[in-house]
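S.K.: Quick paste from TrEMBL:
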| type | residues | note |
| --- | --- | --- |
| BINDING | 37, 39, 64, 85, 113, 128 | S-adenosyl-L-methionine binding site |
| COMPBIAS | 1-10 | compositional bias 'Basic residues' |
| COMPBIAS | 14-23 | compositional bias 'Polar residues' |
| DOMAIN | 44-213 | domain 'Ribosomal RNA adenine methylase transferase N-terminal' |
| REGION | 1-26 | region 'Disordered' |
């Protein structure tokens, strides 16, 4: 209950005390299933704050503040902190920790799900987040307006390395391409699992994300449609991918639908809504095994040329690849400019991905 004392379970005889139990801090139990891994190394906290480049005038957004170890340093560095926390026990502990201190009037705590609540204005985001919300949170932040200066976030190491991966890197994937379309991403430091209480199963990394502005003039649903297809089998040639029956079926359906609607009037705002739907780029990134080329060729059946219209459409698609010299290239080696060029060639030929 707000304002009341938090009940602390007394350790039973023969059991480890709360002080010695790595799943407890101040009588609060941490739930790994909720991604609650509290930073316990003060030197690491100081390093994160220092590398964040916080200004004394900054409004700082913190997500998942836990018991406030990072929050305290953020309050000392910036103008104010807005902390979003889902767990009511942590909210109460956070309020208690700063109650009656000079820092209390510069801390605002929002209890709720950060993925569902409307975020207020902030200059910089610094956070040690639950790893299961990494992708949707990243794209929610990148869709936030007005643009913030930077986000410095602790991620699971493999996810972090996918964010910063470059063409030709083993971990280069759809997540890399979509994130880097919207932001400059850099790796700040690697963090071992023993810096947390309780320790997670994997190491972590801190990444800096700086939104690009203004937005790249591209329809993001179209862009993601293309990138999703290309990275479904990222180590195959683009020519092989676009000869697959399943891919051609999708593209032909879009093509015929748009042909049927070409004389209908469409509001200019429709395109604007699609173009600004940045958050859609973060869909279906929950599994770190995405974009894996597992060698399963069940879907790699090429479309036969029995149907004249289908054969003509297939030739239209392949003509686009030939024009841009993409037939023998592989998604894993293509840069942002390559995907942008390929999308423009397809659109020029009347072929769309949404």
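Keep in mind that glycine also has a Cβ here, set from the backbone N, Cα and C atoms.
Heads up, TrEMBL stuff is auto-annotated, nobody curated it.
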S.K.: Judged by the number of other CB atoms within 10 angstroms, which among 85, 113 is the least packed of the binding-site residues?
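M.R.: With the binding-site residues 85, 113, fewest surrounding Cβ atoms within 10 Å: 113.
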S.K.: Excluding near sequence neighbours, so keeping only residues 6 or more apart in the same chain, what lies with its CB under 8 A of residue 39 (S-adenosyl-L-methionine binding site)?
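M.R.: Residues satisfying the criterion: 45, 66, 69, 70, 128, 154, 195, 196.
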S.K.: Calculate the per-residue pLDDT averaged over the domain 'Ribosomal RNA adenine methylase transferase N-terminal' (44-213) and state the result as an integer.
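M.R.: A mean pLDDT of 96 is what the model gives the domain 'Ribosomal RNA adenine methylase transferase N-terminal' (44-213).
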S.K.: Please report the number of other Cβ atoms within 10 Å of the Cβ of residue 64 (S-adenosyl-L-methionine binding site).
M.R.: 24
S.K.: List nothing but the largest Cα to Cα distance in Å, as a whole number, among the residues 37, 39, 64, 85, 113, 128 that the record says bind S-adenosyl-L-methionine.
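M.R.: Roughly 21 Å, rounded to the nearest whole number.
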